[in-house]
Amino acid sequence: MRSRKLGVLAVVVALASAGCANLPLETKPQAIRAAPTGPEVTEGLQPPEKNLPAADVVRAFVEANAQEADLHAASRQYLAPEVAKQWKPRSEILILDDNFNTIRAPQAEQPDDENETVITLVGNMIGKLGPDRSFTPQNEPLEKKLRLRRQPDTGEWRIVELPSLVITNREQFSKNFFTTRLYFYAPNSDVLVPDLRYVAAQPAEGLTSRIMHLLMHGPSYSIRGAVEDPLSAATMETNVREVGTAVEVPLTGLVGVSTEERRRIVTQVVMSLENVDLVRLQSDGKPLLPDRTDWRRSDLKPATPKIADSDGYAVLNGRIYSLKDGDPMPGPAGAGGYNVVSAAQSLEGGQLALVERVGHDLRLRVGELGKQLAPVNIRGKSMTRPTWQPAYPENKVSYEVWTVVDGKRVVRAQLTPDGAWVPRT
């Protein structure tokens, strides 16, 4: 297995050109509970170690940044008191490889005051967690300067100037976040498309609320427009809460929504709250569906909804690799036969569409996964990641894939009866 596994993509069926990252694909959470009625309280907050050198203060600050509870209360301890009150970090998190360094900046960059110092944070950024809590792999160097001052009352070094970015390292991120799958629908289909997100593990009491908050805000940025979201018209009246043995999800805004669409919402929510045993879905104070108040996965019809099937893949340096084991995808797409820019696996899992670079242009290729892909007479200077239509009926292959060329032309490739892929506008 490769020493550095490939990074996690937001959607299992979609692939994007990105860098490497060694983040967990699955981290099992603790039991999910509803949000408390009072404010969140960080328990067991460890105070900073005493008499740390300035460089070690910056290192400890970076590692503590993975703890989001109480507005990063853990990492604020390494800031000077007045700075801690004013620091307003961005909502995205930059993730460094674990071999990052904190070193004293050159003497020319040091303050004249001997009670101040500048420390340089140097590392390789392996990815970032966006505001939507989807992970984007990256592979680029990062360097930031932080100024520290020795505190007159304690003699401890504390940070007084820092970026507005939240920067942490892979190990601490993996300890403090776990993956969860939100579900949306493939266009014109009941096939569920998983949307991988990372959720802060603490405080555990608000975990369900955090997951529902993400679900109510819709698909991650990378797949918006490519999936359907039955919840888009709904809002939450209040946070989710425990009612007996069930977790109640109080929705509103669904007046006039059909019974069929309400059933799709039930499936979407119950599947997304995978660690909740019993979900009570309400619409304006009444059961979302009149025939049942509480829902388990076993109550869904079918009990195991069809989910887009894929091991998950990523594009790196023009080739496609498996997220499962880091190995190249079978066939030319993983062996360097094409200069791959982006790609998408069909919802039933057996086919692949990719955008390849040919000279100064981009071109679409489509075919059976693991085999030679046929070029389609679709070219352009820019081309969005391909989007598959679902298979009809379900036991057949998808027959249509589309992309947006040069930002304005929606072009489809269709499978003809003789097995050829041809463009349609």
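Note that Cβ sites are derived from N, Cα and C of the backbone, with glycine treated the same way.
As written in TrEMBL, here are the features:
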type   : residues : note
SIGNAL : 1-21     : signal peptide
DOMAIN : 47-173   : domain 'Lipoprotein LpqB N-terminal'
DOMAIN : 182-288  : domain 'GerMN'
DOMAIN : 325-421  : domain 'Lipoprotein LpqB C-terminal'
Overall pLDDT for the domain 'GerMN' (182-288), taken as the rounded mean: 91
Helix, strand and coil totals (DSSP H, G, I; E, B; other) for the domain 'GerMN' (182-288): 34 helix, 33 strand, 40 coil
Secondary structure content, the domain 'Lipoprotein LpqB C-terminal' (325-421) (per DSSP, counts of residues): 4 helix, 47 strand, 46 coil
